[in-house]
Amino acid sequence: MRLSGLSDRYQSLLVMVIACGFCMYQFLLQATPGFIAQPLMDELGLSRTETGVLGSSLLYTYVLLQVPGGMLVDRFGVRNCFIGGLLFMMAGTLVFSGADSLISAIIGRMLQGAGSSVAIVGALCLAAAWFPSRYFPLLVGLVEMSAMMGGVVCGALIPELLQDSGWRGTLEASALLGVVLLVATLLWVRNAPKKEREEPTVNDQGASPPVQGQFLQVLGSRQVWVSAGFGFGLFGLVSVFGMMWGVSFLACLYPDNASFPAQGMALFFAGVSLGTVLCGWLASRGGSCRNTMILGSTLTLLLLLSIVFMSMASALMAVVLFCLGLVIGSYGLAFVAPEKSLPPSGLGVALAFINAMLLVAGQILQPLLGSLLDMRATSAGVTLPDYQVAFVPLLALAGIALVSSLLLRRA
């Protein structure tokens, strides 16, 4: 039924606000370990490698369940998947907050990842169902911006909570945020406007297409693969640099400015948030996705080189971090190709596949960089040259994004 007293226009806006809130929440949970890494290492006795494994463990279930999650969204609808996802995320956060070992902490993170797996896919399917297709690139940007705002909230809120309540209390407070989203989802989220709501799936034939057919549609699309490679490279930087090792790198770079690392990464995430919307707006206004992707990946490589290898004052670094986030925000354009090249019945699977590829880099490189830092660490700790060596794979990610953007077919 229609939400009481709301026109389709306002109902669609309310649904998207809640969907964006879901994405913000799941990204906040993803990014939190990077801001509580040192207390975790101290209390649980973790090495940097183990901390990297813990941080990336959410991504294991997140990535593995992307395509199954897309199928569930296509089959049972976004609303039901959001409800189940939030329950898993809250349960995982509480398990993580009570962890007394690496294994129990990983279990909590993996539960968080399972619940998070339907967030982006579900939000994008709601965007496709509730709005005309010409707005889809802009809505992709808004959805991704909301996710990045989770990183901004982390940078602004988590250090304060950490100081007042410790890392366990911080996680418990994070779990309470899920309750608000759960109530909002139960009350207001619907899968599609009334005239399209006879079936909960995005397939208008009344049943989900065969699984094999959905996979073949995705695997047979060159645009999907190239777009996935682009997103893999750019969002890999968000996962590895933004969510995990950026804070400690800045702490090493500016040891006399204790507040700057969290503030600098908050600026980075703010840049990514704004960049996703700007790039989506350009695409929806008739701009070239391919040219925007080429420009974004090129500037990403140049700015990353300056951050890792150039010495600069913290004020200038803050500007560069914001600009890096701004151009990395073009990663959201990776989701535009499937909406144009695939039928609606396979959209959930295609979006899930690309979203999974975006997170694979984090799975691999978060623990790898931790291992590289452990190998180079001395009794005095980790130095700037150690970070410069360990961050070479980040430059490779930017290169992958650039090559992928050049291979993309012109629209």
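Start at 1 and count along the chain as shown; that gives each residue its number.
Yeah, the Cβs are placed from backbone N, Cα and C, and that goes for glycine too.
Under the heading domain 'Major facilitator superfamily (MFS) profile', TrEMBL lists 14-411. Taken from TrEMBL, the feature transmembrane segment applies to 12-32, 52-73, 85-107, 113-131, 138-158, 170-189, 224-245, 265-284, 291-309, 315-337, 349-369, 389-408.
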What mean pLDDT does the predicted model reach across the domain 'Major facilitator superfamily (MFS) profile' (14-411)?
87
Which of 12-32, 52-73, 85-107, 113-131, 315-337 has the most Cβ pairs closer than 8 Å to the transmembrane segment (138-158)?
12-32
Under 8 angstroms for C-beta pairs, at least 3 of them, ignoring pairs fewer than 6 apart in sequence. Is the transmembrane segment (12-32) in contact with the transmembrane segment (85-107) by that rule?
yes
Non-local residues, at least 6 beyond the ends, that sit with Cβ under 8 Å of the transmembrane segment (291-309):
230, 233-234, 237, 275, 279, 282-283, 317, 320-321, 323-324, 327-331, 333, 387-388, 391, 394-395, 398-399, 401-402, 404-406, 408
Tertiary contacts of the transmembrane segment (389-408), as residues 6+ beyond its ends and Cβ separation under 8 Å:
223, 226-227, 229-234, 236-237, 240-241, 245, 249, 289-290, 293-294, 296-298, 300-301, 304-305, 308, 331, 337, 361, 365, 368-369, 372-373, 376
May I ask you to check whether the transmembrane segment (224-245) and the transmembrane segment (85-107) make contact, with contact taken as at least three Cβ pairs under 8 Å and only pairs 6 or more apart in sequence counted?
no
What residues in the same chain, six or more past the boundaries of the transmembrane segment (265-284), come closer than 8 Å to it by Cβ-Cβ distance?
31, 34-35, 134-142, 144-146, 148-152, 154-156, 238, 241-242, 246-247, 250, 292, 296, 318, 321-333, 336
